[in-house]
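To start, the structure itself, in structure tokens.
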Amino acid sequence: MADTVEFAKMNGLANKILVVDMRGRKDMVTPAAAIALNSNPATQFDQIMAIHDPRVGGTDAFIDILNCDGTKAQACGNGTRCVVQALSSETGKTSFTFQTVAGILNAVEHEDGMISVDMGLPRFRWSDIPLSEEFHDTSRIELQIGPIDAPILHSPAVMSMGNPHAIFWVDRDPMTFDLERFGPLLENHPMFPEKANITLAQVISDSALRTRTWERGAGLTLACGSAACASAVSAARTGRTGRKVTIDVASSPVRVPLTIDWREDNHVVMTGPAEWEWSGSVDPVTGVWARDAVERGAV
């Protein structure tokens, strides 16, 4: 294959990730390549994490993030953990600083293999999320699905974790709701001019939540790290839990919870696993790919 780059199929809590090594190149992974890769069951993904050479001093790489529909994403916590594991395997380093379009992310791999990512600061101002209407209190806005007198979902908390999130609090298992039906309607609601990630969240205890997410640009996903962060922040902000919680991602077959710590300095730190599956080469323009005959174990 001519003009190819190395990539790895990985996952973070079953959130399907392609880590593509674009270092040493000036071009980007194209939307056409993303759509082509997602059309093949072997390379189907939620996000592409494209690793580029650093653009600013003090960082290890610039990360360009694409959704499976070819659109750009501002943040992907599960994908960031995958990048950390891939680069740690390659370099032996355990601490990294990345630049994304949403800002700077710091991450560290621990001795037990778990990876912590500082996802930055949550933003609550309506214009920062953004919303199409002004709300002074974004911990509960006027928005619902279903009949006016008996809504199925209503009054979400909204915020930005580098990307827009709406958290609907529910009193039963999030898996019992038809999110595949409601997700697209809410993602594309006029309230969200840049669309939004839609999460159903249930309080299990004062230190545990259960969530399920319809991801902007990706659809019904097995896991979404930034949505877990938004859920944890919303829970603490509204007095449902403390500032450090575990998140049981209801749709993920990986039964390892995420730990989210909304620290006193306002930074949100997510800790969880990442898993390497296999490696290959791909044309970043067309999406034509081939699997390696011998696994590399690093990008």
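Note: Cβ is positioned from N, Cα and C throughout, glycine not excepted.
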Asn15, Gln47, Asn67, Gly77, Asn78, Asn197, Glu215, Arg216, Gly225, Ser226 bind substrate per Swiss-Prot; candidate in Asn163, Asn266 listed for that same site: Asn163
Assigned conformation of Cys224 (active site, proton acceptor) - DSSP reduced to three states: coil
Close in space, distant in sequence - Asn197 (substrate binding site), Cβ under 8 Å, 6 or more apart: Asn163, Pro164, His165, Ala166, Glu187, Thr213, Trp214, Glu215, Arg216, Cys224, Ser226, Ala227, Ala230
Other same-chain residues whose Cβ falls within 8 Å of the Cβ centroid of Asn15, Gln47, Asn67, Gly77, Asn78, Asn163, Asn197, Glu215, Arg216, Gly225, Ser226, the recorded substrate site, in sequence order: Asp46, Ala73, Ala75, Cys76, Gly79, Thr213, Ala218, Thr221, Cys224, Ala227
Which listed residue (Asn67, Asn78) has most other Cβ within 10 Å, given these are binding-site residues: Asn78
Chain-internal residues near Asn15 (substrate binding site), provided their CB is under 8 angstroms and they sit 6+ positions away: Asp46, Gln47, Cys76, Asn78, Gly79, Thr221, Leu222, Ala223, Cys224, Gly225, Ser252
